[in-house]
Amino acid sequence: MINNTHTDNPLRFVAACRLPTEWGEFTMHGFEELRSGQEHVALSMGIINDGAPVLARVHSECLTGDALFSQRCDCGPQLQAAMQAVQAKGRGVIVYLRQEGRGIGLINKIRAYQLQDQGLDTVEANVALGLPVDARDFVLAKHILDYLQVASVHLMTNNPQKVATLNRVGIDVVERVPLEVGQNSENAHYLSTKAQKLGHILG
Ligand SMILES: Nc1nc2c(ncn2[C@@H]2O[C@H](COP(=O)(O)OP(=O)(O)OP(=O)(O)O)[C@@H](O)[C@H]2O)c(=O)[nH]1
Ligand SMILES: [Zn+2]
């Protein structure tokens, strides 16, 4: 009889390669969601499957910030700082989830930004569009970390909700490591809204 008691893994590992970067050489592991075909990656450095807690970042895709140098948010500088921190330790992992716009997708994020240009804040804009404020699924990170044999992490984030969510899905977050970079005059209001409405800890 087939044993169906285990939770189904929504992802499959596809391939891994070297990824030389400005912050040293990572291994890039590629995953695919079985249902949607959505692709995700993890960047690892050093030996991370030895059971000791690993310095980790669970980063959500932000095309505008990560790749297009947008100053509307702090995502690009956060990603770079996380990669740099991993390099400094010689050991760590960046899980990069393709959950653009906190899961609403790129075009909806542009719609939300359009409303923000008219005065709404990051939360009000999603609500006005009838979209969830945060639709991200962090179970994917759990499956990716399981594949990499990482059970506990020092998590680089300013979002205590993310710590709680990851703990809930089975990732043991032994410590939250603040990741406060990328503040500028364009994103000052956005960051203060995140602190006030989404609970981000920003000094
Ligand atoms: N819908 C929407 N998504 C945004 C906006 N600004 C950034 N994002 C998305 O938000 C995600 C990053 O989430 P953040 O709230 O910045 O930070 P976090 O991941 O919760 O917390 P940190 O770990 O501290 O970065 C990325 O997927 C971005 O594309 C916005 O104004 N509206
Ligand atoms: Zn961003």
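Each residue's number is its place along the chain shown, starting with 1.
For all residues, glycine too, the Cβ spot is worked out from N, Cα and C.
DSSP classifies ASP134 (active site, proton acceptor) as coil under the three-state reduction. ASP134 (active site, proton acceptor) has a Cβ environment of 18 other Cβ atoms inside 10 Å. According to TrEMBL, the feature active site, proton acceptor maps to ASP134.
Among the features that TrEMBL reports, active site, nucleophile is placed at ARG136. Here the Cβ of ARG136 (active site, nucleophile) has 20 other Cβ atoms within 10 Å, regardless of which shown protein chain they belong to.
Here TrEMBL flags ARG57, VAL58, HIS59, SER60, GLU61, GLN78, GLU100, GLY101, ARG102, THR122, THR157, LYS162 as GTP binding site. Sequence-distant contacts of HIS59 (GTP binding site), defined as residues of its own chain at least six apart whose C-beta falls under 8 angstroms from its C-beta, comprise ASP66, CYS75, GLN78, LEU79, ALA82, ILE94, VAL95, TYR96, LEU97.
Within 10 Å of the Cβ of CYS73 (Zn(2+) binding site) there are 21 other Cβ atoms, across all protein chains. The annotation Zn(2+) binding site is assigned in TrEMBL to CYS62, CYS73, CYS75.
Feature annotation from TrEMBL assigns domain 'GTP cyclohydrolase II' to 15-178.
There are 19 other CB atoms within 10 A of the CB of GLU100 (GTP binding site), with all protein chains counted. Counting only same-chain residues at least 6 apart in sequence, those with a Cβ under 8 Å from the Cβ of ARG102 (GTP binding site) are SER60, ASN126, PRO132, VAL133, ASP134, ALA135, ARG136. Only CYS75, in sequence order, out of the binding-site residues ARG57, GLU61, CYS75 have a CB under 6 Å from ligand 2. The Cβ of THR157 (GTP binding site) has ARG57, VAL58, VAL163, ARG176, VAL177, LEU179 as same-chain neighbours under 8 Å, each 6 or more residues away in sequence.
Most buried of the binding-site residues ARG57, CYS75, judged by other Cβ atoms within 10 Å, is ARG57. Taking the domain 'GTP cyclohydrolase II' (15-178) as a whole, pLDDT averages 97 in the prediction.
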